[in-house]
C-alpha cells in the first residue's frame, strides 16, 4: 500500500463493497471507508498498517459484527442528518422570521446553523447514500471532502467570533458599544465563509479519484498531505479553542469580581446583566460540545497519519473500527446538538420553538411577524379566523 492510501477518504468504492454479496471484511480490505473526515480506516479491516506493500487477505470478521456495522452506520448517519436538518432549519426560520430575534448573537447562531446544514446536507446525507450503494465521480470526491474542511473551519471561526463578542460585551461593555453592530456581525459571517473557502482550496485542487480511491495527492507519494492535515487540525481545532479559552478566562474573572462585590449597587448591576450571562453560558456550552464531539476524530486522524506500520489482531481491529465509527458519528452529531442547546438554555428560543410547534398544530397558530401585536387564529373549516387574545406589544430586537 502506498503512503497516499493512508490519507484516503474513499467514497465510491466502499459503498459498493459494504453491501456487496461477497465477504464484508475481505471486500473492506481493498477499500477505504467514505467521508470519514479526511482519513482512511483501511488498516482497521486489514491485518496490518503498511504503507509500502499490499497486506495478505485478512481473516473474516464475525458475521454479527459485519451485519451490525453495515446496518448501524448508515442508519445512525441518516438519523443524525434528518434531526439536524430539521432542528437547524427551525433555528434559521426563527431568527429570520421574528425580528426580535435578529441581534448580534443570533446572527452568529444563524451562521452556525448554516454550517451545520451544509455539513449534514452535503456531507452526511451523501455518506449514508454512498454506503447504501450510490457511486460517485471525481467531482463529488473533491466537492464533498472540500465542503467538510470548509464547514468545519467556518464552524470554528464562528464559535471564535461568538466568544470574542461575548468577551467584548462583558469585559469592555462601554467601549464595544460602537463596534458591536449587526452589520459588523453579518460582515464577519461572510468573511468567515470566504476565508474558509480560500484556506482549504488545496483540498479541491489536490484531491483526486484514482483506481476508485479518493485521496489527497500532495507531494511525493502523498506524504506532504499529512502536514496539511496537521495544519488543518491547528486551524480547525487547537487555535480557535485556545482563543476561546482565553476569552472565557477573562470573562470569568470579571463575572466573579462583580458577583463577589456584595454591595447593593453591585447586586443591582448583577441583575441587569443576568441575561448576558445566560447567553454567555449558552455560547460556552456550544463551544464545549464542539470540542468534545470533534476531539476523538481529530486524535484518530493524527494517529493514523503519523504512526508507523504495525500488526493488528482481530480483537484490536474490531475495537479500533468501532471506536473510529463512533468518533465519526460523534463529529456529525455535533451538527444536531446546537438547536437543543438553544431551546433549553435561552428563554427567547424556547418561546419561539413553542410558537413554531403551535403553528404546526391543525387548529391554532400565532403570527408575530409584523411589528404590531400578536394575533392568534383559529382554523374553522378552510378558513383562519382571528380569535380574542391578550395582545402583547412586540419587543424590538435586543442586543444580549
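Cβ atoms here come from the backbone N, Cα and C positions, even for glycine.
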Range annotated as transmembrane segment in TrEMBL, from 20-42, 43-65, 227-249: 227-249
Given ranges 323-345, 346-368, the stretch to which TrEMBL attaches the annotation transmembrane segment: 323-345
Stretch with greatest number of CB pairs under 8 Å, the transmembrane segment (108-132) reference, 185-207, 282-303, 323-345 candidates: 323-345
Stretch contact, the transmembrane segment (282-303) with the transmembrane segment (71-96), Cβ-Cβ under 8 Å, 3+ pairs: no
Outside the transmembrane segment (185-207), six or more residues from its ends: residues with CB under 8 Å to it: 38, 104, 107-108, 110-111, 141-143, 145-146, 149-151, 153-154, 157-158, 161, 165, 214-218, 225, 228, 232, 235
For the transmembrane segment (71-96), distant same-chain residues with Cβ under 8 A (at least six beyond the ends): 102, 106-107, 109-110, 113-114, 116-117, 120-121, 124-125, 127-128, 131-132, 325, 329, 332-333, 335-336, 338-340, 342, 349, 352-353, 356
